[in-house]
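Undergrad: To start, I am sharing the structure in question, which I have written as structure tokens.
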């Protein structure tokens, strides 16, 4: 029997993007933005008007993604899960700099996966896998629409999505067997393979247009 395939988002799932992103905004605009205020995927709705869409410019700043800290227990849980499941990190990139920094981050912090398990894509429902662990509302909905399992890392901006949700990596690890049991193992459980697309359909550099928030993490 083939191993089940887990597709794991990076920003705000593996790494704490919002802590550094909001810190830079707060420094420049004298605000006290926290995750609790992030009740919409569209960040322009909760930043100061004089900032507006410029909130996304921080996501293109050199060094932002390189210095992000992992969320609690993310690395240890991923290492344990990698012994039982096929794991691919599926993330979007707002710039060439972010692309390189994310790749380097994975190589440095997740050597047991490495960049060979890193897929850049906006349309995550097009990637083969049994389960998606993500925070973006549109990714969760699209993946669910294919009949597969979408699990939300719980944040205020995704609470209108009706799907299983967890608030930590330890909770995700604990619940994973029951979540996967909701979907029978398909005859062919195959993910996009770096160096060669599955059945020629998708590649690890897949880039399709996203929607909603600019593509820092779709």
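Keep in mind that glycine also has a Cβ here, set from the backbone N, Cα and C atoms.
Keep in mind that this is a model prediction, so the values were computed, not measured.
In case it helps, TrEMBL gives these features for our protein:
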- 9: active site, nucleophile (ACT_SITE)
- 11: active site, proton donor (ACT_SITE)
- 187-218: region 'Disordered' (REGION)
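Explain the structural surroundings of these features, please.
TA: According to its DSSP assignment, residue 9 (active site, nucleophile) is coil.
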Undergrad: Neighbour count, 10 Å Cβ-Cβ cut-off, for residue 9 (active site, nucleophile): what number do you get?
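TA: Counting Cβ neighbours of residue 9 (active site, nucleophile) within 10 Å gives 25.
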